[in-house]
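Enquirer: Below are the structure tokens for one structure; questions will follow.
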Amino acid sequence: MKRFLLCSFALVLLYPAGIDMYLVGLPRIAADLNASEAQLHIAFSVYLAGMATAMLFAGKIADQSGRKPVAIVGALVFMMASLLCSRASEGSLFLSGRFLQGVGAGGCYVVAFAILRDTLDEHRRAKVLSLLNGITCIVPVLAPVVGHLIMLRFPWQSLFYTMSAMGIIVGLLSLFILRETRPVRLAPRDLSRSSPAAESLINRFFVSRLAITTLSVSVILTFVNASPVLLMEVMGFSRGDYAITMALTAGVSMVVSFSTPFALGLFKPRTLMLVSQGLFLTAGVTLSLAHTNTVTLFGLTLICAGFSVGFGVAMSQALGPFSLRAGVASSTLGIAQVCGSSLWIWLAAILGISAMNMLIGILIGCSIVSILLIFSVTPNRSVAEHEEIPYQSRP
């Protein structure tokens, strides 16, 4: 079991590392490529577009051909794309490399969740996904620091050499440590009820959890996107103050994420999901009424706590109905989360909504819709029947 957890964590970490590690070198990259920082900021959207593109195909391929081949290819693509970025001499080539980085990270991301669905029951999976969320929160804090230390002695290309090395490590783990977990066959008693056709993506429970997780990701990405404006322009923080504040909020996320597995031993998953949405609602109300920086910071802290306590649980429930189509389900969740959050941020920008109102709107909207879905759509017998790990996996 340890090998599956190690490989899943490594596969997931390529995604945030690809986003955060290069940011510290952006001014120097822009200067060397004769591009403005504003032009290169589109690299974030290009990276997410690459992830979404990979997710369209990676899940189905993983269900048909296996988790291991997709993981190896994804890591290889990430490694080669990182080298392409390091060799870029102009902006378009750099953006092409960023897109391919997203493709590699997206394939690995999908496979990681499929592996956890294959190997863990609902209770253990919810705990592991909460821990995974906590570990993921470390990357946005550590990656810029590591990037800064690297650039003290080496050029910006070394950032992408480092990411390329990460791709190699993940590829080697996938090749030599990871075992195939795609279901080969089910027990005879399960054949009548467990088939790819029976595991439809269009069922009320899955759609409800897809909506909850998509709205939750929209909240956290809106917070990340709006935080520079809120903290440095509206609240008057310096860059140093901003970095410290974001590190503290990441610390809150880590503490709550690592505490959630213990909370699952005391409370039902539904209770934690309601607590999560209650924190979002409280954060939205707090930010709308805040007149001091202290109150605003308290509201921002509630956002991080709310996301950390509920997201892993909701993701675990969303994957529960799928024993044979875990890859497709994971892809669908990833695509919805990436595209849904990007759509909200884009629409808010087009409509001229301020950073604070953008954040308040998604907090209140997410909490109300999610609470209604949690109360109105509960796991039915069909979902419970599919909630089991595969009978046999390949060695």
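Cβ coordinates are placed from backbone N, Cα and C, and glycine is handled just like the others.
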Enquirer: Could you confirm whether, in Swiss-Prot, the topological domain containing P379 has the same name as the one containing W156, so that both are on the same side of the membrane?
Expert: no
Enquirer: Grab the pLDDT values for the topological domain 'Cytoplasmic' (179-216) and give me their mean, rounded.
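Expert: PLDDT averaged over the stretch: 76.
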Enquirer: Taking contact to mean 3 or more CB pairs closer than 8 A (sequence separation of 6 or more), are the transmembrane segment (271-291) and the transmembrane segment (69-89) in contact?
Expert: no
Enquirer: When you check the transmembrane segment (42-62) against the transmembrane segment (158-178), do you get at least 3 Cβ pairs under 8 Å, counting only pairs 6 or more apart in sequence?
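Expert: Answer no: the transmembrane segment (42-62) and the transmembrane segment (158-178) share fewer than 3 Cβ pairs below 8 Å.
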Enquirer: Can you find at least 3 Cβ pairs under 8 Å between the transmembrane segment (69-89) and the transmembrane segment (158-178), where each pair is 6 or more residues apart in sequence?
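Expert: Judged by the Cβ rule, the two regions touch, with the required three close pairs present.
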Enquirer: Short question: which residues 6 or more past the ends of the transmembrane segment (4-24) have a Cβ under 8 Å from it?
Expert: 43-44, 47, 51, 71, 74-75, 78, 85, 101-102, 104-106, 108-109, 111-113, 115-116, 119, 128, 132, 135-136, 139-140, 143-144, 146-148, 151, 156, 159-160, 162-163, 166-167, 169-170, 173-174, 177-179, 181
Enquirer: Among 93-113, 247-267, 328-350, which stretch has the most Cβ pairs under 8 Å to the transmembrane segment (131-151)?
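Expert: Against the transmembrane segment (131-151), the leading stretch is 247-267.
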